[in-house]
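Accompanying notes for the structure given below.
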Amino acid sequence: MDEETKRHTCLKLDIPNNNTKDTEPIFVKGTWFNTHFNLAITDGLNAWFCNASEEEVKQRATQWDQPVSEYVHLAERYLGFQQPGSIYAFADAGDGHKRLSWTFEKEGMTLQWRWKCMLSPNSKKTTAEILDFLMDANITLSEEVVKKTELFEKMKVEAEKSLALSERVTNEKVEFESEIYGKFLGVLNSKKSKLRELRDQLSNSKQETSAKSPQDEDTDKTESFDEESDYDKSDEDPHKDIGASSKHVSMNKPSRGRRTRRS
């Protein structure tokens, strides 16, 4: 189970030298499991190791009132990547052994963890294993960089194509809009011209109507008056004329004597 979930880290630490003001680099390779971890350390000449068993990790976690998983996770965090503000030390512990320590902040307090590292019985082998791991990690990292670079170049080409397509579409849109606007303005100007012509024609018609002579108006009025007089004459009662004429005729006609019948 642990072999399936193990994780590897390798950290370069610059440790201050107590005798000089210079720093000495060391490499800390960590193999992390859920309940324990292993450390391999080298300065290029000598090597040390620390195999923290499940019992030791559980004991330390209990002392710090932490779950085992949290203790391992915090140790991996500080020994997998150098944390700013933390003070790292790799001091002598007698008989060639070393003590690796680092500090961290918790609830406003500065705490320190320390683990004793034993001198490796075969420093060359331990150092070679660390170097092999670094080489493999470098190769893997280089391959990932190459893949990501190729992917970036591919994405860059696609982005350039998309940009060119976008510019072409934009230009076509501008040309289309210009053409449509041009046609629209032509039609609009034509409509305006026709409206002006109709307006001028209407204005001229009104002027002609207003400029009609007064004599023509008087003539029209005279004709209307004569027509009305004739009409008034024609309105006399024809029966009246006929009766008067008959009366006149009867008055001038000689009277005849009344005949008597003989018996």
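A Cβ is built for glycine as well, from the same backbone N, Cα and C atoms used for every other residue.
The compositional bias 'Polar residues' annotation in TrEMBL covers 201-213.
Annotation source TrEMBL lists compositional bias 'Acidic residues' at 216-235.
Broken down with DSSP, the domain 'XRCC4 N-terminal' (25-119) shows 23 helix, 48 strand, 24 coil. Per TrEMBL, domain 'XRCC4 N-terminal' is recorded for 25-119.
Residues or ranges marked as region 'Disordered' in TrEMBL: 199-263.
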How do the residues of the compositional bias 'Polar residues' (201-213) split into helix, strand and coil according to DSSP? 10 helix, 0 strand, 3 coil
